[in-house]
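Worksheet: the structure to be examined is printed underneath.
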Amino acid sequence: MAYFLEQTDSEIFELIFEEYKRQNEHLEMIASENYTFPSVMEAMGSILTNKYAEGYPNKRYYGGCEVVDKIESLAIERAKKLFNCQFANVQAHSGSQANNAVYHALLKPYDKILGMDLSCGGHLTHGAKVSLTGKHYQSFSYGVNLDGYIDYEEALKIAQSVKPEIIVCGFSAYPREIDFKKFREIADEVGALLLGDIAHVAGLVVTNEHAHPFPHCHVVSSTTHKTLRGPRGGIILTNDEEIAAKIDKAIFPGTQGGPLMHVIAAKAVGFKENLKPEFKAYAKLVKSNMQVLAKALKEKNHKLVSGGTSNHLLLMDFLDKPYSGKDADIALGNAGITVNKNTIPGETRSPFVTSGIRIGSAALSARGMGAKEFEIIGNKISDILNDINNVSLQLHVKEELKAMANQFPVYQQPIF
């Protein structure tokens, strides 16, 4: 197949092929990454990238938006059907942009946010001091108990003490389900709004493999990639008409200018894929594969945060190990397994070193790997960690896993 890019920029073309080779030969186990649908990539590479469309369908500031109005309207309707809600904004460029737009819509400067502590699994946009949310608003955090589960009683006490305007329930590294009903009870107790950030578990939510944030949350944000397997982007959902109007204004003109119409089209394509029966089977596989992996690691006496997992990810705990999350990340990377170092509850090391790693099952499940492969992977992870400085072992495992990976090709071509 001939590519224009090969003729116009051979350097980038060759690097894309290099990454294509890496994605095919390595085991991608970063919990926030996934392999999107080829149809999604086709939409993203379309002529829609040429069109500016500031505003919303039938309320644009530019002409020539007749077609993109239809595309965005289709994306909105599919999102509403997928998440069973009344209002959807599909313009957010990312999950962080979606969260910031929610705050911009519903809060005043220096209002109070209560979100999950970063070391317990929260996200930067849930009030971390280094984030805009930690600078523009007063941020407070709740955490987990000694068992690694969210401490709802502590969260209630903190909420009663600080009286936040908004409570955020969601995570980037928490291996258990969120109890949205309990969080709503806490929010109602203190008169707060409830934002459900389901960026990580959206694909499980829409297939009934995780509790649904509605009707408990006033507003819901998510990314469209991760477990949804759509394009990189964000969405905001609600059943409240007044909140929906504020959200729309907060996205445009509040925090963004022109929407990315090629990405919005890709979101629509992804939502259609998510509505298919095959996607339900995929979500079940994501969860069952993670259970197999957790079991394999526990049988080898590896410590997991909360003792296991109820979703698509797990956290390994190295607090009592001589090696760090960074060490494990590097060693596993050398063996062809891509994970990420991650802070964990009770963290004693810096965020650049950490005492844990986060592992996800979404990407390898998308390749069609199942219980057999995940048991093998669990055993190989254990072998590497138990002899973490053995470089020759790492290289040997890399070749073994490369052979397995080649049985489950990601794509037939790198550019769509």
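Each residue, glycine too, has its Cβ placed from N, Cα and C.
What you see is a predicted model, and the numbers here were worked out from it, not measured in a lab.
All protein chains included, Gly122 ((6S)-5,6,7,8-tetrahydrofolate binding site) registers 24 other Cβ atoms within 10 Å of its own Cβ. As annotated by Swiss-Prot, (6S)-5,6,7,8-tetrahydrofolate binding site applies to Leu118, Gly122, His123, Leu124, Glu242, Ser350, Pro351, Phe352, with the evidence given as sequence analysis.
Sequence-distant neighbours of His225 (site 'Plays an important role in substrate specificity'): residues of the same chain at least 6 apart with a C-beta under 8 Å from its C-beta are Ser32, Glu33, Asn34, Thr36, Pro231, Arg232, Gly233. DSSP assigns His225 (site 'Plays an important role in substrate specificity') to coil, not to a helix or a strand. What Swiss-Prot records for His225 is site 'Plays an important role in substrate specificity', and it gives sequence analysis as the kind of evidence.
Long-range Cβ contacts of Lys226 (N6-(pyridoxal phosphate)lysine) within its own chain (separation 6+, distance under 8 Å): Ala31, Ser32, Glu33, Asn34, Ala199, His200, Ala202, Gly203, Ala362. The N6-(pyridoxal phosphate)lysine feature in Swiss-Prot is assigned to Lys226.
Binding-site extent for (6S)-5,6,7,8-tetrahydrofolate: residues Leu118, Gly122, His123, Leu124, Glu242, Ser350, Pro351, Phe352, maximum pairwise Cα distance 42 Å (rounded to the nearest whole number). Counting other CB atoms no more than 10 Å from each candidate's CB, the binding-site residues Leu124, Ser350 peak at Leu124. Take the CB of Leu118 ((6S)-5,6,7,8-tetrahydrofolate binding site) and look out to 10 A: across all protein chains shown you find 23 other CB atoms. Take the CB of Glu242 ((6S)-5,6,7,8-tetrahydrofolate binding site) and look out to 10 A: across all protein chains shown you find 8 other CB atoms. Around the Cβ of Pro351 ((6S)-5,6,7,8-tetrahydrofolate binding site), the same chain contributes Thr343, each under 8 angstroms and 6 or more positions distant in sequence.
Taken residue by residue with DSSP, Phe352 ((6S)-5,6,7,8-tetrahydrofolate binding site) is part of neither helix nor strand, so it is coil.
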